[in-house]
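Novice: For reference, the structure I am asking about is given below.
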Amino acid sequence: MQSSFYKPIAVYRSVALFQNLDQGRGSATVSQSNSSLKKHRGRSIFSPFFCCFRNYNDYHVEPPPSNNKTLCLPPPPEENGSPPKPPAKFLLPEVSIADYGRNCVVIDLDETLVHSSFKPINNADFIVPVEIDGTVHQVYVLKRPHVDEFLLKMGELFECVLFTASLAKYADPVADLLDQWGVFRARLFRESCVFHRGNYVKDLSRLGRELGKVMIIDNSPASYIFHPENAVPVQSWFDDMADTELLDLIPLFEGLSKEEDIYSLLQSLRNSLQLDSVQSHWSHDSRFHFSLPAVSQCQLKRYVGTEVHRVAWNDHIFIMEPRSESKNGKPWPKFSRMMSDGNQDPFKSVGRKPGLQIWTINNMQMVPVPAQGFGNFFEGDCYIILHVSERKGSGQSADIHYWIGNSSSQDEQGAAAIYVTQLDEFLGGSPVQHREVQGSESPRFRSYFKNGLIYKKGGVASGFHHVDTNAYNILRLLHVKGRKHVTATEVEVSWNSFNNGDIFLLDMGRAIVQWNGPKSNTREKLKAVLLAQDIRDRERGGRTQIGVVEGGDERDSPELMKVMAAVLGQRTGPLKEAVADDKPDKVQNTNVRLYHVFDNSGNLVVQEVATQPLTQDLLHSSDCYIVDQSGSSVMVWKGKQASKEERHEALNRALGYIKAKNYPSSTTVEVMSEGGESAMFKYLFKSWSDKGQTQGLGTTYSMGKIAKVDQVKFDVMELQARPELAAQQRMVDDASGEVKVWRIENLELAEVNPSTYGQFYGGDCYLVLYTYRRSNQQQYILYMWQGRHATNDEITACAYQALDVDNKYNGAPVQVRVVMGKEPRHFLAIFKGKLVIFAGGTGRPGVVNPDPDPGARLFQLRGTNELNTKATEMQARASSLNTNDVFLLRTDHLCYLWYGKGCSGDERVMGRAVSDVLSKQDKQVVMEGQEPAEFWVALGGKAPYASDKRLQKEEPPHSPRLFECSNQTGQFRMTEVDDFAQSDLDEEDVMLLDTWEEIFLWVGNSANQHETKEAWTCAQEYLRTHPAGRDPDTPVICVKQGSEPSTFTGWYNAWDPHKWSGGNSYEEMKNKMSDAASLSQISVDQTNTYLSKSPVGTNGGGYRAPGGPVTSPSLYRDHGAGGNVSPSAGGSGTFLNPELLIDKSPSELPHGVDPGQREDYLSDVDFENLLGTGRSDFRRLPKWRQSDLKKKAGLF
């Protein structure tokens, strides 16, 4: 075995083989030294069946004369020496349209892609039954490391053909399991080989392809002796799980895929490959590890940095840095191939359709992850995630995330960052880039994986390897955490991993047992069930069975507990206490700062521009900026006119900024270009407008912030049929329902005289109950109007009285907090253009209100129709006037109706109508600029006022945001839910929906009272601390589960009004699973379940699959009732896996196994395979002979 520190790759071996083959041609033989590439082994009884059992000790094979590089020659002479006839037809069919113009690559199977054995192999990837002479034998197959990545890449580049010297009845089922993607266009077996001087030779001239465009990949020189010029030799592989041969060959084949004449390029490799320049620098020093791609010319430049050596070789870049391993205290350098400069090939498969695409960084290359693997992340790897979404009215938007595993290498992290930048450029620079760190993923990232994230042990750079196994050949324990954002982490398969507060999934391939901690809640249990179902459906084709054990009632699931005990052993002692969940991130940080970050002579310069509230005009297109939320997140904005270098370095500068500020390495990073800003970024600014862009559901209105509102006629049926229209208009109906008003008097409710409905005094608090019908059902809205001069006791009493009214109607009313002067549109509409708000005083009968301005009162009259008009009392001063509005000035003797120059005809009509509510006196119309002297005297004299005409301006649209409010961690916190849907509304919580113009509080039926009470306070705190300087008097609306108005449901796509009545609860889902996966069906899988430690009662070490999660050989084998039953095995027909018995010390054996009688625990099949004789014949042998056979089998 070669040293792990110096392992030349295929290019050097290939050159040696090419030279040996050329020398062999001169002497008519192949050198004996070639046999060293194949492990020596004795001939087997199965050698006529498998090519991997051929004897390679002697390769004295005469090749035919050299063939022309483009012509197909007739086959070579047969064994009898007579010239063969030309083939009646070629071995391959006509080239398909998909492969037209591609080169053809012929790939060997045994010892090139897989290694097969009749002897049981620990962690075999496939077990294939093969019939030989009437007897079925199990063939254990190991996949060569990185074979999946290799085949995927080859399938992208070439027309691929499998050509093996093994028989079809063995090789065909192996190919079925190996080639999941249909890479091989054709499969050729031993029947297609030419038997030439004792060897099965693959005659490429019989394929029906131009030889100048054909290659063969094979570990056996005898297989391609007819066409050595077309061969790419590989080293034979048996069980070295650190092998990287296939990965190392990918760069060579990437180059060959673009060649018109493969023959010539391979010939140049043999004849003119110049390695002297490389070897003169490094090959004399065994401390250097080479990983260079095979190319025809070797032109090397060496760039020396302070910590690393950057090497450019043709189009490839390499980074040389110290290895993590060391010898005698000195670090080992290494080369790791990163990527091709300017090469867009990694993005050929990038699609632009809405949806999710994921790549992993493998050997510094982007490798696609199949859809069934989405949501699974190896801790030792880095990933790139592209999410494309369709937004109504604004086309597509894209987000690129690169995910960093906790055990990933710096090389992989750097490669991922570079690929993200290149992918962003490939997509036109519009996507938002996100940096995600394991365990600290952003809400948007988590939203892509609704059923949760699974963190898996392993990865390339961490020293682990991915565990490529059959779907059922698995054993793992998943620790599930989270109520909204679920994560499942692989932990040790042991009772020591359990605790009382969380949920654990014992995944055994064909069965999953969900164990719920006694202190876990219903929401967590439901999320875990959904995750288990997702694993079953997406990874196991729906064939895995699921059972649930309640940790506090384990006696109710005796059969499932037997399964757990068989895997985990009997539990001794109490479980650990619950582990506190990570506290949700704070929703927002009030300390938001904007920085201009630029490079000055190699130094990073950070210049503060402004603090919150930020405005859009602070951003200049020629620069790049960083927005810092006190370390909770860092956002980078790239102007369109910023230099290319600045745009390229934006991400690196953000990382440098994080390091300089000593922020955690897990700090969230977003990078976006001008015009492609994320919704979260826009929310940090006081106002944001997109040029020529319509977002969300369309036009929105902001009463009190616009001067003009066009008259809109509302159709009740349309509003009810289109909740999205109701949401954007803020109208549940046309306000034609019934109205009842109470005033808070002496902290109690007092009914208001209907003749004064619509008159609100600033010193009072009111309750307004609005009743309307929807789908023939009564619906209610309860407005809580708070005057600015009301006492705190009155405001508190208003809230309590609202609760009392809510209870009388069984919690059906939607509660809306309305602060004086911030009345929502529907509130205005229910008073039919007669809403009057007095600055102070009270409306209580018998109370005389003092005149705030003796001698004069001024009212601003605003609105264009009965649905949006109100009169608001202002200070009777000239400075209160506005050229765009209508005002009523009432004195002791006269009423003036003042029309500003900017008001419309509709506003004048509605102004006159509402003025009649205020005064029955005749009004003197006064046009702006024609005021009599008495007018100014009543206002205390002339003074400047707002005189600029303003055009109708819509409030810039903002995307809605949803937050979960919870006190589960002991502190009331809010967690954002990105890309939300109705299914994200948690019945056990209070949810906050921010639509910018109002705040909705959605209360689930199972939400606790503390959360409901704190939610109102939290909503006010949310507004107060918002970095964009939000109005703290923004309306807050409380809705109950099952009674949602259309103004709420319209913000959700495809709202289902029957969800709450028809959806499956956790108990219903649990019962269904128990029915489908009855206790008698769920059992430890006899052939595919693996244990992480020795059986019950022992302390033996675990068995680890190379680099993957802790796995072990199967404990039990069941060969049915027909087999002989060993007394030592308990007489049940169940036997132990041989791997638990072979070469084990007595202390390592399973509990209860007699070390001197290990053979008694083998099945008849395993007994005969290992000892070479049947059980009865074995017992008739002398004791010394039995002991000798047991020693040879490792059972002694």
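Residue 1 is the first one shown; counting continues down the chain.
Even glycines carry a Cβ here, placed using N, Cα and C.
For 98-256, the entry in TrEMBL reads domain 'FCP1 homology'. The active site, 4-aspartylphosphate intermediate annotation in TrEMBL covers Asp108. Taken from TrEMBL, the feature site 'Transition state stabilizer' covers Thr164, Lys202. Sequence annotations record features per position, and here TrEMBL assigns region 'Disordered' to 1093-1160. The domain 'HP' annotation in TrEMBL covers 1130-1196.
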Novice: Quick one: Cα separation, Lys202 (site 'Transition state stabilizer') versus Thr164 (site 'Transition state stabilizer'), in Å?
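Specialist: Here the two Cα atoms lie 8 Å apart.
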Novice: Specify the count of other C-beta atoms within 10 Å of the C-beta of Lys202 (site 'Transition state stabilizer').
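Specialist: The answer is 27 other Cβ atoms.
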Novice: Test of understanding: give the count of other CB atoms lying within 10 angstroms of the CB of the residue listed as 'active site, 4-aspartylphosphate intermediate'.
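Specialist: Looking across every protein chain shown, the total is 22.
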Novice: For the domain 'HP' (1130-1196), jot down how many residues DSSP puts in helix, in strand and in coil.
Specialist: 38 helix, 3 strand, 26 coil
Novice: I need the CA-to-CA distance for Asp108 (active site, 4-aspartylphosphate intermediate) versus Thr164 (site 'Transition state stabilizer'), whole Å please.
Specialist: 5
Novice: Within 10 Å of the Cβ of Thr164 (site 'Transition state stabilizer'), how many other Cβ atoms can be counted across all chains shown?
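Specialist: Here the count is 31.
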